[in-house]
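According to TrEMBL, the feature compositional bias 'Polar residues' maps to 348-365. The region 'Disordered' annotation in TrEMBL covers 348-392. According to TrEMBL, the transmembrane segment annotation covers 77-97, 132-156, 168-188, 195-214, 220-242, 262-285, 305-325.
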Amino acid sequence: MFLTDDGSDRDSAVLYRTGLSLGGLVGGSAIHGQILALYRRSEYDACDMINTTYMYGANNTNRSMDGASLEMTKNGYLISSAALCLFTLAGSLAVSFGTTERKDISRTSGGEGSAKSLLRTLKTVLTFRPNVCLLLAYCCNQAAVSIVHGAIALYVEYSLDREDQIENVILASMVSSALAMPVVAFVVSKIGKKTCYLCSQLVAIPLFIGYQFVPSGSLAVYAIVIGHGFSSGAHFFIPWALMSDIIEECYLQTKERLDTAFFAVLLSANSIGITVGLIMATIGLEIGGYELGSCFQPESVGSAMRTLLAIFTSALVFVGVLFIWKFPITEERQKEIMEAVKKRKLASASQHDASQRNGSLSDMNQEALIPQETSSSIPNGLQEEDKLVSSDTDLSVLSVCKESAV
């Protein structure tokens, strides 16, 4: 979380992390979707068999998938899960053995670690106004994104009747989010984090509403998911970049570094948003009359998916926009924070250098006070009898020379 005390370096690190994270989502979606598509197109597609039987007037009372098709689908999920588990294991090993924890955060950042209890720390974090606005905005927007991720496949299948395009639509959304990262970073450098985040979510509202009006069988859904992917790219990147400003603002007010607590709370908001989105998608399916395991669904399922993706997501994003608008750290305040951070960094460096100089002077004084052995000043190779002045030398001749000179 804490790589450097330079704000621009932090934002760059967040950009790379988000880009690689979305790249992983693209790879995972591609692997999972293509494996399932392979098994869906197999000769054991029970829904196609039922459709054929229905066309020829045979008994069609069994509208559920047969055992062979379920077994093939199960194998597809198992193979996909095994492949993704290998990638997860590789990532975990890379983090465990390829990274080290910084131990000098307090000194390099000029701050002091928090000695508060857990409850007092959480109270400080959860009552800090900029963080509250960001958490609420992020949670609402994440819930909207999760609804799309959880319902887009059913929307394409039952609202648009394009089951053959499910994997491609999901992949297009993920790829557009990953490709949006450089564009979002460029826009942030021009207009600032808050303004960019606000504009990206405002653009997302008409895109969400567009799900309601896509005709059945139309491929216009690709335009919507690609545009929504670019909007999601800003959502995946900017809140984490704003968190650095919130942490510095909190330190300027409280003189405590609470990096871990702030990031932990943001991760919790992410999990809450995902949970809320998936719950809403499940409720929408229940209201629409979705029948689990059935090859034929009522038309109300398609209507429910349109309403869910268009109305509920738009409402959530609109609420999130209101909280973003109330976010108190503007571009001007960010510049003030950066100046304060630079001054703090210089003061910390000067204090560290002064302590080093004081330590060096103390060592020199100690060496000066320690008496040195006489024999240590004798050059190598001289014997005791080779000393220029020995302890037996008569020095009275020096006083005679002095009297003669006078």
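Glycine too: its Cβ is placed from the backbone N, Cα and C atoms.
Please treat TrEMBL annotations as automatic predictions, because they have not gone through curation.
Here the structure is a predicted model, which means the values were calculated and not measured.
By the count of Cβ pairs under 8 Å, the stretch nearest in packing to the transmembrane segment (262-285) among 77-97, 132-156, 168-188, 195-214, 305-325 is 132-156. Across 77-97, 132-156, 168-188, 220-242, the stretch most heavily in contact with the transmembrane segment (195-214), judged by Cβ pairs under 8 Å, is 220-242. Of the ranges 77-97, 132-156, 168-188, the one with the most Cβ pairs under 8 Å to the transmembrane segment (305-325) is 132-156. Just going by CB pairs under 8 A, the stretch in 77-97, 132-156, 220-242 that sits most against the transmembrane segment (168-188) is 220-242. Long-range Cβ contacts of the transmembrane segment (77-97) within its own chain (Cβ-Cβ under 8 Å, at least 6 residues beyond either end) map to 24, 27-28, 31-32, 35-36.
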